[in-house]
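**Q** For reference, TrEMBL lists these features for the protein:
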{"type": "TRANSMEM", "residues": "12-34", "note": "transmembrane segment"}
{"type": "TRANSMEM", "residues": "41-60", "note": "transmembrane segment"}
{"type": "TRANSMEM", "residues": "72-95", "note": "transmembrane segment"}
{"type": "TRANSMEM", "residues": "107-128", "note": "transmembrane segment"}
{"type": "TRANSMEM", "residues": "140-164", "note": "transmembrane segment"}
Amino acid sequence: MTKTKRLVTGALMLALGMVLPFVTMHIPFLGVMLSPMHIPSLLTGFLCGPALGLLIGFIMPLLRSVLFGMPAFYPNAMSMAFELATYGFVSGFIYHRWKTQNLKKVYLTLLVSMLLGRIIWGITRVVMLGMMKTPFSWQIFIADGFIRAIPAIILQLILIPFILDRLNQARILPYK
């Protein structure tokens, strides 16, 4: 993909990250369950590579917080910025390092990206909430990072490989 196409795709993913949360905004719990900003962040890494994935992932929640007031800037948008930046970077870094790409490698890359992103989210929450003298326990990390996120994890494991496979079949972004 040319540099221009990567930049345009990155901008499209950033715009998608601004718009997708409007689908769930009237039911806040649904937004937490489906994590709509995670999808464009992960896709940016797959489509545009690690550098743009990191940049778009980091900017997305901060910009959305400033423009629309959601997620709350501190600590939510701040910790999400590190999480989504990790998603974008790791998905781009791992996926583009494979000598060959296929659906199995998409799933493997996606699982590693999601796991590392949630770990980074947990670390940033510990630091940020610690500065506010608010406890963040192991139980809260597991509940918020994994159990409540099960619908989002399932959605991402279905939707992202589907999109990438369709782009491959259409020869828009063929596997190498």
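Glycine is no exception: its Cβ is also placed from the backbone N, Cα and C atoms.
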**Q** Do the transmembrane segment (12-34) and the transmembrane segment (107-128) come close, with at least three CB pairs under 8 A (pairs 6 or more apart in sequence)?
**A** no
**Q** Could you give the residue numbers and ranges of same-chain residues that sit at least 6 residues beyond the transmembrane segment (140-164) on either side and whose C-beta is under 8 angstroms from one of its C-beta atoms?
**A** 32-35, 38-39, 42-43, 46, 103, 106-107, 110-111, 114, 118, 121-122, 125-126, 173
**Q** Under an 8 Å Cβ to Cβ limit, what residues of the same chain, 6 or more beyond the ends of the transmembrane segment (107-128), are close to it?
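**A** For the transmembrane segment (107-128), the sequence-distant neighbours (Cβ-Cβ under 8 Å, at least 6 residues beyond its ends) are 38, 42, 45-46, 74-75, 78-80, 82-84, 86-87, 90-91, 94-95, 98, 136, 141, 145-146, 149, 153, 156-157, 160-161.
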